[in-house]
Amino acid sequence: MDNQKTANPDQSSSYFRYSSPLVQVILIGLVCFCCPGMFNALSGMGGGGQVDPTAANNANTALYTTFAVFGILGGGIYNILGPRLTLFAGCSTYILYAGSFLYYNHYRHQAFAIVAGAFLGVGAGLLWAGQGAIMTSYPPSGRKGSYISMFWSIFNMGGVIGGLIPFILNYNTSEASSVNDGTYIGFMVFMAIGTLLALAILHPSQVIRDDGSMCTNIKYSDVRTESWAILKLFLDWKMLLMFPAFWASNFFYSYQFNNVNGILFNLRTRGLNNVFYWGAQMIGSVTIGYVMDFSFKSRRMRGLVGISVVGVLGTAIWGGGLAKQLGYSRDDKPVKLDYKDSGSDFAGPFVLYFCYGLLDAMFQSMVYWVIGALADDSAILSRYTGFYKGVQSAGAAVAWQIDTHKVSFMSQLAVNWGLCTISYPLLVILVILAVKDEGEVEGRNDNDISFSEMIPESRDNAYGGLSKST
């Protein structure tokens, strides 16, 4: 295969060389630390740090609507432009978004925030398509879970640091209010650093694994090729099986940020909660990464065990959310909790929000691992991850509007829980049918399998249709 081409041995002698997959995944982690990591901290405060979440909800709807389109197109754009231009263009839109809320703090006009949200959707589609291609194609096949968890930990450290910014700068504000200007300026500084750091990312053809093999020798693609490849994704049976998981993976953010953190806690406590929410994601990603890389020799078995672990834990956490949700509603909101003044009443909701962060990282790391197990080629994986982010963002756009239209908290929780639950058995089917163990014969081009081949006629040929030599 082309991506197994061996490079000059002296090019791969150092584990921490600039062209190694490890260094490149660390770099994309730092880019995401600065840009989407800070965006997550901003969103996690509920309402973008404003008392009234309407502007943030409408901006997020615009964001995820354009993200849905450019998430799907992003993989093709990445294959045409390469990582540096794609990531630089994507990162720059995060600065504009944070700046729009700085403007809103003074003038209370939604238009700028909504337009900035739409631009950010375009940029985020480009950024996450590139990030997904790098994170799933650069690592060796047996260590993809470890690299994903490492990326997720670096990325979510941005949310931890970003959560400290509003906590420290608004520490003396216990009553309901919007965050101060310094909070937004701090976010913008980090985002500008991330935008410049994106220029340090190498093209996939320049990245060499430790065994001397090249990650890929992909050349720049063209619009016609990418357009046709993206269109075929909508009939790809593997993507259809993953559709509910894609849709669910950001759908719960509006509920968790606005209706748990935003409703139950005051401003400074929301910032503190976000430190632990994103910190929990680091724990969750490392845990599930270990399970899906090291728990069993068989890659297929590791995938099945990982999905089962996330399914059981997810059911328990959403069950805890239901128990808490029974105590309040949109029409009967509780007194906001403060981490210093509320005593033991603070503990239960805090642990619940922490667990939501844990589950988020485990769920999304699981999805990335499954995507990475379907192929090794950077071009294919950039399209897969772009499709993932597009569908994910379409779900998020719907979710933010559901909250804007004042749908009951209980209904939102039920839909979130149901979407996650539906995802697990479909992912199990996909792993059984499409994920190969290391050493098995590589499958033919992933886009050449028709939907009718999804269910084999017998166990003897269950993998035969997926294992013909190219």
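Even glycines carry a Cβ here, placed using N, Cα and C.
What TrEMBL lists as transmembrane segment is 21-42 (among others).
The feature transmembrane segment is assigned by TrEMBL to 62-80 (among others).
Within its own chain, the transmembrane segment (87-104) is flanked in space by residues 28, 31, 34-36, 38-39, 42, 48-50, 55-56, 59, 63, 110, 112-113, 115-117, 119-120, 122-128, 130-131, 181, 184-185, 187-188, 191-192, 194-195, 198-199, 201, which lie at least six positions past its ends and keep a Cβ under 8 Å from the stretch. Here TrEMBL flags 87-104 (among others) as transmembrane segment.
Residues or ranges marked as transmembrane segment in TrEMBL: 110-129 (among others).
Only residues 6 or more beyond the boundaries of the transmembrane segment (150-171), in the same chain, are considered here, and those with a CB under 8 A from a CB of the stretch are 25-26, 28-30, 32-38, 40-42, 44-45, 49, 131, 135, 177, 179-180, 182-183, 186-187, 190, 267-268, 270-279, 281-282, 285-286, 289, 361, 364-365. Taken from TrEMBL, the feature transmembrane segment applies to 150-171 (among others).
The feature transmembrane segment is assigned by TrEMBL to 183-202 (among others).
What TrEMBL records for 237-255 (among others) is transmembrane segment.
The transmembrane segment feature in TrEMBL is assigned to 275-292 (among others). Only residues 6 or more beyond the boundaries of the transmembrane segment (275-292), in the same chain, are considered here, and those with a CB under 8 A from a CB of the stretch are 37, 40-41, 44, 145-146, 148-150, 152-153, 156-160, 162-164, 167, 261, 302-303, 305-306, 309-310, 350, 353-362, 365-366, 369.
Look at TrEMBL and you will find 304-323 (among others) tagged as transmembrane segment.
The annotation transmembrane segment is assigned in TrEMBL to 350-374 (among others). Long-range neighbours of the transmembrane segment (350-374) within the same chain, counting only residues 6 or more positions beyond its ends whose Cβ lies under 8 Å from a Cβ of the stretch, are 132, 135-137, 139, 141, 144-145, 148-149, 152, 156, 238, 242, 245-246, 248-249, 252, 256, 260-261, 264, 273, 276-285, 287-289, 292, 299, 303, 306-307, 309-310, 313-314, 317, 320-321, 324, 339, 381, 384-385, 388, 420, 427, 430-431, 434-436, 446.
Residues annotated as transmembrane segment in TrEMBL: 414-435 (among others). Proximity of distant same-chain residues to the transmembrane segment (414-435), defined by a Cβ-Cβ separation under 8 Å and at least 6 residues beyond the stretch ends, is recorded for 238, 241-242, 244-245, 247-248, 251-252, 255, 299-300, 303-304, 307-308, 310-311, 314-315, 318, 321-322, 363, 366-367, 370, 373-374, 443, 454, 456, 462-463, 466.
Same-chain residues lying 6+ beyond the ends of the transmembrane segment (110-129) with a Cβ under 8 Å from its Cβ atoms: 31-32, 35-36, 39, 48, 54-56, 58-75, 77-78, 86-87, 89-94, 96-97, 99-101, 103-104, 382, 385-386, 389-390, 393.
Of the recorded ranges 62-80, 183-202, 237-255, 304-323, the transmembrane segment (21-42) has the largest number of C-beta contacts under 8 angstroms with 183-202.
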